[in-house]
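> First the structure, which I've put down as structure tokens, then a few questions once you've had a look.
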Amino acid sequence: MLYARNEMKASLGGPSGIWLAWAYGAHTHLLRKGPSSTYDARRLTGSHHPLKHLGLLGSSPLSPPAVCPTGPVGEALQVPDKDTKAMMGTEDTPGGKASLHPQDLRPSVFHSIKFFVLCHSLLQLAQLMISGYLKSSISTVEKRFGLSSQTSGLLAAFNEVGNTALIVFVSYFGSRVHRPRLIGYGALLVTVAGVLMTVPHFISEPYRYDHTSPADLSQDFEASLCLPTRKAPAPAPALSNSSCSGSTEVQHLAVVGIMFTAQTLLGVGGVPIQPFGISYIDDFAHSSNSPLYLGILFAVTMMGPGMAYGLGGLMLRLYVDIDRMPAGGISLTSKDPRWVGAWWLGFLISAGAVALAAIPYFFFPKEMPKEKHELRFRRKVLAVSDSPVSKGEDSPSEQSPGASPEKKDGLAQMAPDLTVIQFIKVFPRVLLRTLRHPIFLLVVLSQVCMSSMVAGMATFLPKFLERQFSVTASYANLLIGCLTIPLAILGIVAGGILVKRLRLGPMHCGILCLLGALLCLLLSTPLFFMGCSTHHIAGINHQPGAQPGLELFPGCMEPCSCPSDDFNPVCDSSARVEYLTPCHAGCTSRLVQEARDKSQVFYTNCSCVAGGGPVPAGSCESPCSHLVLPFMILVSLGAAVASVTHTPSFMLILRGVKKEDKTLAVGIQFMLQRVLAWMPSPVIHGSAIDTTCVYWAQSCGRRAVCRYYDHDLLRNRFIGLQFFFKTGSLACFALILAILRQQEKEEGTKATMSSPGLQQQLLVSGPKKEPEESRVFCRNNLEL
């Protein structure tokens, strides 16, 4: 049971790191003592220190427990303390007697652990939704504010920086504070961070996809056309650079700074939510109900990332400036490469959900009675209120008759509180002792590899789908939210069921992990070949880092003197050639075809196009767009298979370290995953994506967003990183299996040599072995 509960805690605590070592393990050890214990949760959580489990601290005896009077049925009763009487409506009156009425025995809904589980499930769902929403709109944020993929990856990683920086200290002081109230404060900070993420939208100027005034659509089209009256061949100065000023750069830096600050606060606000909530449930839930409650919490929470991608898919269908649309409307559709969706609106919705879920936490008590059968508990309170003890002072207590000596000894041993300085001195020794276990170290490395793969895929998979298969950002997010996330959840559940039903030991858990990693690697191999090369773009050299020059543009547009930084692509579908603007295609006029639901823009009289056009506005569609569904099916199946290894790999950690190090080992595992995987992986993937860019947009003399990528190079490097991390995980599991087999052989040899019967046989007559020839001769004689 303890293994199962630890397993569930680790599944829920993946993004919460080291909290399991200090905020959680202490409560779990002491509160397993059962209903016969006369200690309330306040006294246990207030003095017991988790480092006692590490064998590094001494013990101090406690004062004797309070008297437990015997009720009518002869069972031991616990005298409720002041807090418990207040919660049950039985507070002592000034005369010293408890005024207790049957209607007062109805506990408030905020004294129910079931209601707390419901509230915490909804809060963690909303928190993961707002934390994962940025990943669903990362390409849109890049386009809106001119960010590189490396910068956007760093922005996504700052959520983990804020969380990791404070998790140790918050968890250390967690048992001394009002946990529900601190959870509520953390949720409010998450709300503030979500609102802060929307501030760049309101302080920035309206989105100008054409470098002209949004109110003048005629100027938009005129600026993109080739006018023969212009003088050539010198290129016109960049419109965006000509409007640059010191205030523009300051505004850009302010926008980026606000988003980084918001992401940091988002991580800081999430520090108390998960660890304190789970420890609170485990402290006050009945031991038989705690796994069920944690399972419900886990199931509801896992829907958060899927809902984040689904919300992103819906919000990105709306235009970014939906709150300040120009009078004449816009000439873009969601398929246009210049389209920017309402990325900020999802943060407002998610922040509102977190704020609503935070309200109940300010009404939950610091402690509540440990969950029991309510009727039985009320009878005990009634019996206590009529007993002589309740009418006077508390008497010295005796140990309950039903308490076993083992429980008595366990309750009487508590570690004294440590100061922060002592805590910092002790922690490195324990960390080094834990890292000496080869199984533990290899499992952590394998999970770091898997987490690096997941972090990079979760952050940049929508952008990869947009570029590789010419799908909209909205459609890419819906595919991930409706296909990949649900299959990953099913994989985690399937792994837990396999471990439980088959009762897998360490060796079989290692085999399951090895097979899962191998199958995941095989499923990713076909992804290298599912895609198309970048179509020809006039004036763009398909070498990463090269910038277009006048010598690269065709001579047919020489009289036009087109601005170099404009981006309004048109596609010559017959020749499969894309031009940066209608001006670069030599087009001198436009044509708008009105339709029932939308209008389509065409450009005509194009000197660079065979027959003069017309050519439609927008980029050329990818001929591989039909491969997006097979690609996503393979990715989702790989995610499901990789998720199957989650539970058995965690069981390897629990069974690979000493008993007193289990809780700390789990905390170290998730801390290392944060530091080595979730923080650097988005930056690594973003940097790799930037190296495949063949045309960068310029803004105020600086490199902004990438307009075109080398699709082959992008696919090989993005999938190659995934393949690299999966191979590393497979190698770690192979080494784990080899070590487990060696350990089994050594244990088998020791068991054989320590057998008393074998030792006596060896001493008396030595080992007897009948020659093979003799056995064959006897068998032949019997047959005859």
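Just so you know, glycine gets a Cβ as well, placed from its N, Cα and C.
Annotations per TrEMBL:
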type	residues	note
COMPBIAS	751-763	compositional bias 'Polar residues'
DOMAIN	550-610	domain 'Kazal-like'
REGION	387-409	region 'Disordered'
REGION	750-773	region 'Disordered'
TRANSMEM	154-175	transmembrane segment
TRANSMEM	182-203	transmembrane segment
TRANSMEM	250-271	transmembrane segment
TRANSMEM	292-320	transmembrane segment
TRANSMEM	340-364	transmembrane segment
TRANSMEM	439-461	transmembrane segment
TRANSMEM	473-499	transmembrane segment
TRANSMEM	511-531	transmembrane segment
TRANSMEM	627-654	transmembrane segment
TRANSMEM	718-740	transmembrane segment
> Give the nonlocal contacts of the transmembrane segment (718-740) in its own chain as ranges (CB under 8 Å, at least six residues past its ends).
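For the transmembrane segment (718-740), the nonlocal Cβ contacts are 438-439, 442-443, 445-447, 449-450, 452-453, 456-457, 460, 464, 506-507, 510-511, 513-514, 517-518, 520-521, 524-525, 527-528, 642, 645, 649, 652, 684-685, 688-689.
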> The transmembrane segment (511-531): which same-chain residues, six or more beyond its ends, come within Cβ distance under 8 Å?
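Tertiary neighbours of the transmembrane segment (511-531) are 446, 468-469, 495, 498-499, 504, 624, 627, 630-631, 634-635, 637-638, 641-642, 644-645, 648-649, 652, 711-712, 715-716, 719-720, 722-723, 726-727, 729-730, 733-734, 736-737.
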> Using DSSP, what is the helix/strand/coil residue split across the domain 'Kazal-like' (550-610)?
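Helix, strand, coil within the domain 'Kazal-like' (550-610): 10 helix, 18 strand, 33 coil.
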> Mind checking which residues reach the transmembrane segment (627-654)? Cβ under 8 Å, same chain, six or more beyond either end.
3, 6-7, 10-11, 439-440, 443-444, 446-447, 450, 453-454, 457, 461, 465, 469, 471, 479-480, 483-484, 487-492, 494-496, 498-499, 504, 506, 509-510, 512-513, 516-517, 519-520, 523-524, 526-527, 530-531, 662, 665-666, 669, 726, 733, 736
> Thinking of Cβ pairs under 8 Å, which stretch from 292-320, 340-364, 473-499 has the most of them with the transmembrane segment (182-203)?
340-364
> State the residues, same chain only, that lie 6 or more residues beyond the ends of the transmembrane segment (473-499) and have a CB under 8 A from a CB inside it; answer 'none' if no residue qualifies.
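Sequence-remote neighbours of the transmembrane segment (473-499) are 7, 11, 136-137, 139-140, 299, 302-303, 305-310, 312-314, 316-317, 334, 341, 461-463, 465-466, 509, 512, 516, 628, 632-633, 635-637, 639-648, 651.
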